[in-house]
Amino acid sequence: MRDILQANGIALSVSIPNVPIREKWGKGVEFMLSCIAYSVGFGNIWKFPYTALENGGGAFLIPYLVILFLIGRPIYYLEMVMGQFCSRGCVKIYDMAPIMRGVGVGQSLAMFMVMTYYTPVLAIALYYLISSFNSELPRSRCDPSWNRCIDSVSREFKDANASQNMNVSAELFFTKTVMHRAPLAQGLGIPDMDLTLCLLASWLVVAVILIKGIRSTGKCAYFLAIFPYVIILILFVHSCTLEGAGKGIRFFLTPDWKQLFEPRVWMEAVTQCFFSLSICFGGIIAYSSFNNFSNNVYRDALIISWLDTFTSIIIGCIVFGVLGNLAHVTNKENIQDVVKQGPGLTFMAYPDAIAKFEYFPQLFSVLFFLMLFIVGIGSNLGVVTSIITAIRDRCPTLENWKVASVVSVVGFSLSTIYMAPGGLDLLDVFDNYGAKYVTLTFALFELITFGWIYGVDRICRDIQFMLNIDTNKFWRICWGILTPLVVTVILIGCLVDHKPVDVPEEYNIIGWCVYVLAVIQLPLWAIYAIFSQKKTGFVNKVRSAFKPTKSWGPENYHTREAYNIYLEKIRSSSDADDCSNALKFIYRRIFK
């Protein structure tokens, strides 16, 4: 589209007078790599393994793959298209239907919640990275004060009777030495100083990259997106060679068909899909908004979504291969009984696998936790960028470095709570209510806004104008019917089948308050949008609030004018699908 318009003399590089020019990615590949670093990251390496373990391994994998195909990829492509088309973040994009702006605000709140607990996981990875430089890995052997412990460095444990109900040193190192775990009934406790310093260092890295703007993020993406795969492939080969690994991998790949009828498993598949691809949080929309208008996001969406699926499966094989080996070492029949489940699984299973490396375990430990730290940086950059973009779209005169600095300081202050002994239990609460339920709820309203209020037909016209691509029936059916329907069914099933987090009741109450705080943004901003309309009469104001604002469309002034004439031509011409005739009409109307 860009080449055709430019050939006809229509300029696409001139912005509206007196409006700040939106920064763009240096190259298209930087956008794709940044999305890979953002989407293929913590959601795959940290969250996917323990979510799969908690939901039956193979019983979770099938719903996860089905949801990726029917929900994940269609939403991912849709968010990329809409973000690039209008060059707006996740809040400002609702200029397409101002009455639904609360969706973007609610998603930003969910993203803010995720920001507060993603960086603490990054800090723990940094702690492990630093400790990997010791002459012997501290989690490879049991501390004398730990009871019923097996050294992770051991490759065989022959005494079957003595091994019952015992834990490996990697698990006890995480729970006792690193986190000083304590139940929430005893209070959160005081944040650990070493972890807090690692948290500060992590936030400093994120802030330094973001202060310089989106081009700095793009340059870092070459390393952030590519390097982790080198380490992942090394760990995959090694985990497959461990004794007993086959048992764990079979558990991961073999479904329990009865559990496929459990709504909870499907809900977890949906939320994991959202976390894995990072959809319905606003990050993809924010990243796409910095694209050049005609960038081929269709290609990028397919590449990234397939790569994300591949990465999740490989990571699952690595973790469950290690768990199979741990089951063999400790003589436990049930894979789910090998280590304590939850957010800390990554810091138990991976370290145990590395401790069993016969040669250079410190080197592999450094490489692995460096990789985990790097993918964590990539994930956090996307999370924080979404928040910064939402703020700057609302207040475009604010300088990027000021917004990035304030967000980082606030994020660090709130993140310290997770560095306390009871922090990971609190993380479970906010992850469940502030991320899972909020994301699932607003995913439904986002799809309703894009597919029904704005309209699938208009989205397809936008794609035709922007990319010169005809949208096939699969995407149309998914956006308009199938994806909203599946999300609706799963959301209702989750709310009906809801089970509170296994923590004191008051913490679940706090979680519901967070959920209500996010959801209430929808009616509040709808009321604001209605009464902000200049029409007379309440009914006219409501109708106007459902329509795009006058500024809606491509960011560039000339491109938006061409787009408006393109829509006019489609409405008035019987040959609506003839793109070349429409372009000639645009050219004549503007330049002749």
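Each Cβ is built from the backbone N, Cα and C atoms, and glycine gets one as well.
Computed from a predicted structure; not experimentally measured.
Listed in TrEMBL for this protein:
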type     : residues              : note
TRANSMEM : 28-46                 : transmembrane segment
BINDING  : Val40, Ser276, Ser379 : Na(+) 1 binding site
BINDING  : Asn44                 : Na(+) 2 binding site
TRANSMEM : 58-78                 : transmembrane segment
TRANSMEM : 109-130               : transmembrane segment
TRANSMEM : 193-211               : transmembrane segment
TRANSMEM : 223-245               : transmembrane segment
TRANSMEM : 265-290               : transmembrane segment
TRANSMEM : 302-323               : transmembrane segment
TRANSMEM : 366-391               : transmembrane segment
TRANSMEM : 403-421               : transmembrane segment
TRANSMEM : 433-456               : transmembrane segment
TRANSMEM : 477-497               : transmembrane segment
TRANSMEM : 509-531               : transmembrane segment
I'd like to know which of these binding-site residues, Ser276, Ser379, is least surrounded, judged by other CB atoms within 10 A.
Ser276
Enter the number of other CB atoms within 10 angstroms of the CB of Val40 (Na(+) 1 binding site).
29
Taking the centroid of the Cβ atoms of Val40, Ser276, Ser379 as the Na(+) 1 site, which other residues of that chain lie with their Cβ within 8 Å of it, listed in sequence order?
Tyr38, Ser39, Gly41, Phe42, Gly43, Asn44, Ile45, Phe275, Leu277, Ser278, Asp308, Thr311, Val375, Gly378
With every protein chain in view, what's the tally of Cβ atoms within 10 Å of the Cβ of Asn44 (Na(+) 2 binding site), excluding that atom itself?
28
With the transmembrane segment (302-323) as the reference, find which of 28-46, 265-290, 403-421, 477-497 contributes the most Cβ pairs under 8 Å.
28-46
Answer yes if the transmembrane segment (403-421) and the transmembrane segment (109-130) have at least three CB pairs under 8 Å among residue pairs 6 or more apart in sequence, and no otherwise.
yes
Determine whether the transmembrane segment (109-130) and the transmembrane segment (433-456) share at least three Cβ pairs under 8 Å, counting only pairs 6 or more apart in sequence.
yes
Where among 223-245, 265-290, 433-456, 509-531 do we find the most Cβ pairs under 8 Å to the transmembrane segment (58-78)?
265-290
I'm trying to understand the geometry here, so how far is the Cα atom of Ser276 (Na(+) 1 binding site) from the Cα atom of Asn44 (Na(+) 2 binding site), in Å to the nearest whole number?
6
Positions whose Cβ lies under 8 angstroms from the transmembrane segment (28-46), at least six residues beyond its ends:
76, 118, 121, 215, 217-219, 221-222, 224-226, 228, 272, 275-278, 283-284, 287-288, 290-292, 295-296, 300, 303-304, 307-308, 311-312, 315, 343, 346, 372, 375-379, 381-383
Does the transmembrane segment (366-391) come near the transmembrane segment (223-245), with 3+ Cβ pairs under 8 Å (pairs 6 or more apart)?
yes
Same-chain residue ranges lying at least 6 outside the transmembrane segment (223-245) that approach it to Cβ under 8 Å:
33-34, 36-37, 40, 45, 155-156, 311, 314-315, 317-319, 321-322, 324-329, 350, 353, 356-357, 364, 367-368, 370-371, 374-375, 377-378, 381
Could you state the CA-to-CA distance between Asn44 (Na(+) 2 binding site) and Ser379 (Na(+) 1 binding site) to the nearest Å?
11
